[in-house]
Amino acid sequence: MALTDFDLVLFGGSGDLAMRKLLPAMFSRDVCGDLPPTARIVCVGRHDNTTEEFIETVNSTSRPHIKNPKVTPETWARFTSRIVYVSVDATDASSYQGLAQALRDEPGLTRVYYLATPPALFAQICDNLKENGLVTRESRVVLEKPLGRDLESAKQINREVGEVFEESQIYRIDHYLGKETVQNLLALRFGNILFEPLWRREWISDVQITIAEKLGVGNRIGYYDTSGALRDMLQNHLLQLLCIVAMEPPASTAPDAVRDAKLQVLRSLKRFTPTTLAQNIVRGQYRAGHVDGQPVPSYRDEPEAPQNSRTETFVAMKAEIDTWRWAGVPFYLRTGKRMADGLAEIVVRFKQIPHSIFQQPTSSFQPNSLVIRLQPDEGLRMNLMAKTPGEGMRLKPAELELDFRETFKTPRMDAYERLLLDVLRGQLTLFMRGDELEAAWEWVEPILNNWEQDDTAPLPYTSGTWGPAAASALIGRDGLQWREEALPED
Ligand SMILES: NC(=O)C1=CN([C@@H]2O[C@H](COP(=O)(O)OP(=O)(O)OC[C@H]3O[C@@H](n4cnc5c(N)ncnc54)[C@H](OP(=O)(O)O)[C@@H]3O)[C@@H](O)[C@H]2O)C=CC1
Ligand SMILES: O=C1O[C@H](COP(=O)(O)O)[C@@H](O)[C@H](O)[C@H]1O
């Protein structure tokens, strides 16, 4: 569907996210020919720069992040000619005049306000836009994470933004939903007859969802140390992945059909009590070690990190969903920084065969599993048992692999590219609804409260490993292993 002409207003247009992700994403869509010729990107910051000065900054700060081979002096010049810079102090209603003058007021023009600023500014920005008459029925607002730090603050964001924008105008970003494989998971589950009959407690033994990073906190310690892995990754990205795996088939891909189905999962997650929480959740913090052979410091020795920080950089948990489909099926969730590898994957393990008809015991059969790889190499892998060639009947594990890059040679889209296009098209399916956001926080809140009252520190783990040994023990208690632990040694 072709885009109609638009003004995309980036509050935080001078910030790190805009420079590293948002502007490069818009560039890629521009060189693909998706942007209407007169579409514009209005970048907002407090500094009193001219557009020309700002474009100089974009040249030096954003352009190096563009991986697209189509970046040439011509394509870059065309892209930057779309950029307009406006100086606004988001907290000062009178400073919005410059923005009002920069925006076009034409019938049929899409206007999107992307709030890539600290969330404490969301309410003020919305109020000031309204006070300056800049919110029309056609306007849309995009909210970047963090969308709250607990249930109360998430409700506050929903309430305050909701006083200015209708729910149908609000796009809450979770960039994991923009990843290609997440949408492929929808295709796998609901575009094939094969899986749905098996996608339930009778046939699935457990599900593992891992997002592991080699990176540390980088220069985001100020934010990260007040957040931690539970708020930064699990409450949003991991729970969204869990929802897509576990949801009932929606009637269509219409936004509310999908969002209702995800909400149902969030509301069916078994609540933790102080006892079950202690048994089923492991938190860790990285210590000095080696990642890719390079020495890396301890979390507490990162620049500006508090020496006594108790912020978790790793969390692993066993979650359960109280529904007929999933009762008794453990969902193991895990995320961490400075881990042994950088990957995101979902592993759906099926049950063991009930009886072996071959000359080998049932225990020698590796249960089937489906590995859904989000990154780095996107694809699907189905693990099966197959006969080894030759005489006799000996079965061994084998793999059926679908590598998305190899199979579909079309260029891939970065998550932000897809999500920005969806916003500009008015397509809400891949964005969280307000009640979903609150349901996720509601489930996470008892964990946060418990940790706040508990003065024990997270378990230390060496950088470059898979986290504290207790994470292996957590899954080991159920007679299982994390996928990389179960893989044969090279
Ligand atoms: N960086 C990342 O990778 C990610 C960031 N986010 C979130 O996005 C948001 C922005 O992050 P990031 O870009 O890293 O942060 P930065 O600190 O790099 O940028 C903050 C931006 O907000 C603007 N800003 C701050 N206060 C005001 C104000 N009063 N009026 C107008 N503009 C203001 C700054 O403009 P100026 O200083 O020019 O006035 C700047 O453009 C944060 O909430 C962050 O958590 C989410 C996911 C990833
Ligand atoms: O939202 C966030 O995600 C990134 C990881 O995203 P990815 O797409 O690179 O896997 C994480 O590093 C960051 O801490 C978090 O805020």
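Glycine too: its Cβ is placed from the backbone N, Cα and C atoms.
Annotated features in TrEMBL:
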{"type": "DOMAIN", "residues": "9-184", "note": "domain 'Glucose-6-phosphate dehydrogenase NAD-binding'"}
{"type": "BINDING", "residues": "ARG46, LYS145", "note": "NADP(+) binding site"}
{"type": "BINDING", "residues": "HIS175, LYS179, GLU213, ASP232, LYS337", "note": "substrate binding site"}
{"type": "DOMAIN", "residues": "186-483", "note": "domain 'Glucose-6-phosphate dehydrogenase C-terminal'"}
{"type": "ACT_SITE", "residues": "HIS237", "note": "active site, proton acceptor"}
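Taken as a whole, the domain 'Glucose-6-phosphate dehydrogenase NAD-binding' (9-184) shows an average pLDDT of 96 in this prediction. Proximity to ligand 1 at the level of Cβ atoms, with a cut-off under 6 angstroms, picks out ARG46, LYS145 from the binding-site residues ARG46, LYS145, HIS175, LYS179, GLU213, ASP232. Within the set HIS175, LYS179, GLU213, ASP232, LYS337 that the record links to substrate, no two Cα atoms are more than 20 Å apart, and one pair reaches that distance. Taking the binding-site residues GLU213, ASP232 in turn, the residue surrounded by the fewest other Cβ atoms inside 10 Å of its Cβ turns out to be GLU213. Sorting the binding-site residues ARG46, LYS145 by the number of other Cβ atoms within 10 Å puts LYS145 first. Annotation for the recorded positions HIS175, HIS237, LYS337: lowest Cβ count within 10 Å of the residue's own Cβ, HIS175. Note: the CA-CA distance between LYS145 (NADP(+) binding site) and ASP232 (substrate binding site) rounds to 9 Å.
Among the binding-site residues ARG46, LYS179, LYS337, no residue has its Cβ under 6 Å from any atom of ligand 2.
On the backbone, the CA of ARG46 (NADP(+) binding site) and the CA of LYS179 (substrate binding site) stand 32 Å apart.
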